[in-house]
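The feature region 'Disordered' is assigned by TrEMBL to 1-24. Marked as compositional bias 'Polar residues' by TrEMBL: 7-21. Positions annotated as domain 'MTTase N-terminal' by TrEMBL: 69-187. The [4Fe-4S] cluster 1 binding site annotation in TrEMBL covers Cys78, Cys114, Cys148. Among the features that TrEMBL reports, domain 'Radical SAM core' is placed at 210-441. Annotation source TrEMBL lists [4Fe-4S] cluster 2 binding site at Cys224, Cys228, Cys231. The domain 'TRAM' annotation in TrEMBL covers 443-506.
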Amino acid sequence: MNEEQRLASQQAINSKSSSANTEKDYSKYFQSTYTAPSLKDAKKRGKEEIQYHKDFNIDEQFMGMGTGRKFLIRTYGCQMNEHDTEVMAGIFLQLGYEPTENVEEANVILMNTCAIRENAENRVFGELGHLKPLKLKNPDLLIGVCGCMSQEEAVVKKILKTYNQVDMIFGTHNIHRLPEILNEAYLSKEMVIEVWSKEGDVIENLPKVRKGNTKAWVNIMYGCDKFCTYCIVPYTRGKERSRLPEDIIQEVRSLASQGYQEITLLGQNVNAYGKDFENRQYRLSHLMDDLRKIDIPRIRFTTSHPRDFDDALIDVLAQKGNLVEHIHLPVQSGSSDMLKIMARKYTRESYLELVRKIRAKMPDVALTTDIIVGFPNETEEQFEETLSLYKEVGFEMAYTYIYSARAGTPAAKMQDNVPLEVKKDRLQRLNAVVNEYCGKALKKYDGEIVEVLVEGESKRNPDVLAGYTRKNKLVNFKAPKEVTGKLAKVKVTEAKTWSLSGELVEVIASEEVKV
Ligand code: SAH
Ligand code: SF4
Ligand code: F3S
């Protein structure tokens, strides 16, 4: 690409920041350069086409900015955030920064935040408080807040008012502008705020420093258009935009050739993949069918919305091979009335019907889920419907949450008559069922030989190695460290509530892996 094209594409990317937002008057707090967030603007879904930029480049003038400096990124929230952190780390390295784990020696600290529940946000505010003394000791230190919390107006206002140790705030749509944002923070010495309320374009070829060299995350789409009434994500991540299949396939091929063994495809609602393509009929089932042919042992995806889970996808997944027989299928509630006010757009019956269809084609599938208890006005009977649905499906694991009101979402305006104590009690009762079913699912493996992708030393006990099966069961076992990064056959000797213990049988040669 020549210089002219590069500048044109850079301008096209940059122009989003000024055109996409209605500026708010934050000047009473600060007179810095800012583009402030607006949940109202974030909700607007325009018809404008997504531009694909294949050519991310860091401007020459920023190269070397990080020489002699170190960066640290704290990551909260989901895999999407973890993966964004990998991209930002990639950009830092290109700028010449070195990574550090030690806050005392970091020259830039970024908090990549999550807004999904109130306690996630409180942790970040607590942490920001802890960082203040560092800033006093080292005035050259830059502290930045990015990720989903930055997309919320209320959070930005709160930081402006109370956390003046923060030097920069940027959102989820413009992480590729990290070099420009850092540069501005160094120059201006005032809080730099660049949060785009409308999503940016899809930018390819961003640098990445992946955590580990066995498993890799690959984004297949960004954003969410579902607007479940409790959820902040459609506001913080923008409208659904799918990456082009050729870019995804090329990335997966390249990871396979680098020796990665497992890919997790990422999206807030991967089943909507391809819905936004105007000129092609290409959906998740087509993508999975293409990825199935790539020589890599395992491919997973997360997260699936039950509503868009179609028959074509079930047919492709049923062919297995490198497509694992584990589906995370968040149900949220077992009561059709609750599902209706959550705007999930399916019922208890249609969810059970989907499970039946999946099981008919994939009898050995492991299903896991997400559940919210204590949604406004949930009755005891409605909660019991959740318990009964859990047992009926026989989920093997679940992430369970007490409902947390998120400002700006429709549910936050609903009156709620369920006391917190009742919500806590429901969570406990649900978790008891989750534990029981998780233990039961693991018990089935007692004495069996399972295929484990070995990730390295167990976090709890460095004398044993740990890894996961295709169905995402954690297995701990004794083996030489060289087995790390490989697939191994392990004989299960003990099934616990949350994990399996076993003995190494043998390392699997790569040509044996196809199931
Ligand atoms: N896109 C995914 C969910 C991402 S958020 C999906 O729809 O499947 C992960 C989980 O957090 C959700 O499934 C839900 O169970 C929970 N969650 C989201 N908003 C919440 C809120 N306001 N309070 C409590 N839990 C919430
Ligand atoms: Fe949130 Fe619903 Fe979108 Fe999942 S599908 S991210 S729960 S709005
Ligand atoms: Fe949290 Fe944003 Fe993920 S709100 S769950 S980090 S998409």
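Keep in mind that glycine also has a Cβ here, set from the backbone N, Cα and C atoms.
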With the Cβ under 6 Å from ligand 3 as the test, give me the qualifying entries from the binding-site residues Cys78, Cys114, Cys224, Cys228, Cys231.
Cys78, Cys114
Other than Cys78, Cys114, Cys148 themselves, what residues in this chain have Cβ atoms within 8 Å of the centroid of the [4Fe-4S] cluster 1 site's Cβ atoms?
Tyr76, Gly77, Met80, Asn81, Thr113, Ala115, Ile116, Ala120, Gly147, Val233, Thr236
Report the binding-site residues (Cys114, Cys148, Cys231) that meet this criterion: Cβ distance to the nearest atom of ligand 1 under 6 Å. Use sequence order and write none if nothing qualifies.
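List returned for ligand 1: Cys231.
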For Cys228 ([4Fe-4S] cluster 2 binding site) and Cys148 ([4Fe-4S] cluster 1 binding site), what Cα-Cα distance in Å is obtained after rounding to a whole number?
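On Cα coordinates alone, these residues lie 17 Å apart.
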If the criterion is a C-beta within less than 6 angstroms of any ligand 2 atom, which of the binding-site residues Cys78, Cys114, Cys148 pass it? List them in sequence order.
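Not one meets the Cβ criterion.
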Enumerate the residues of the same chain, Cys224, Cys228, Cys231 excluded, that satisfy the criterion Cβ within 8 A of the mean position of the Cβ atoms of the recorded [4Fe-4S] cluster 2 site; list them in sequence order.
Lys226, Phe227, Tyr230, Ile232, Val233, Pro234, Gln268, Asn269
What is the number of residues in the domain 'TRAM' (443-506) that are helix, strand and coil, as DSSP sees it?
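With helix first, then strand, then coil, the domain 'TRAM' (443-506) has 4 helix, 35 strand, 25 coil.
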Using C-alpha atoms only, work out the spacing between Cys231 ([4Fe-4S] cluster 2 binding site) and Cys148 ([4Fe-4S] cluster 1 binding site) and round it to an integer in Å.
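So the Cα of Cys148 ([4Fe-4S] cluster 1 binding site) lies 12 Å away from that of Cys231 ([4Fe-4S] cluster 2 binding site).
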Cα distance, Cys224 ([4Fe-4S] cluster 2 binding site) to Cys78 ([4Fe-4S] cluster 1 binding site), nearest Å?
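About 14 Å separate the Cα atoms of these two residues.
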Is it possible to get the count of other C-beta atoms within 10 angstroms of the C-beta of Cys228 ([4Fe-4S] cluster 2 binding site)?
22
Return one of helix, strand or coil for Cys148 ([4Fe-4S] cluster 1 binding site), based on DSSP.
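For Cys148 ([4Fe-4S] cluster 1 binding site) - judged by DSSP and reduced to three states - the answer is helix.
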Report, in whole Å, the straight Cα-to-Cα distance of Cys224 ([4Fe-4S] cluster 2 binding site) from Cys114 ([4Fe-4S] cluster 1 binding site).
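Their Cα atoms are separated by 15 Å.
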Tell me the Cα distance separating Cys148 ([4Fe-4S] cluster 1 binding site) from Cys224 ([4Fe-4S] cluster 2 binding site), rounded to the nearest angstrom.
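Between the alpha carbons of Cys224 ([4Fe-4S] cluster 2 binding site) and Cys148 ([4Fe-4S] cluster 1 binding site) there are 13 Å.
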Residue counts in helix (H, G, I), strand (E, B) and coil for the domain 'MTTase N-terminal' (69-187), per DSSP?
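Per DSSP, the residues of the domain 'MTTase N-terminal' (69-187) fall into 66 helix, 23 strand, 30 coil.
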Mind checking which of Cys78, Cys148, Cys231 has the fewest other CB atoms within 10 A of its CB? They're the binding-site residues.
Cys78
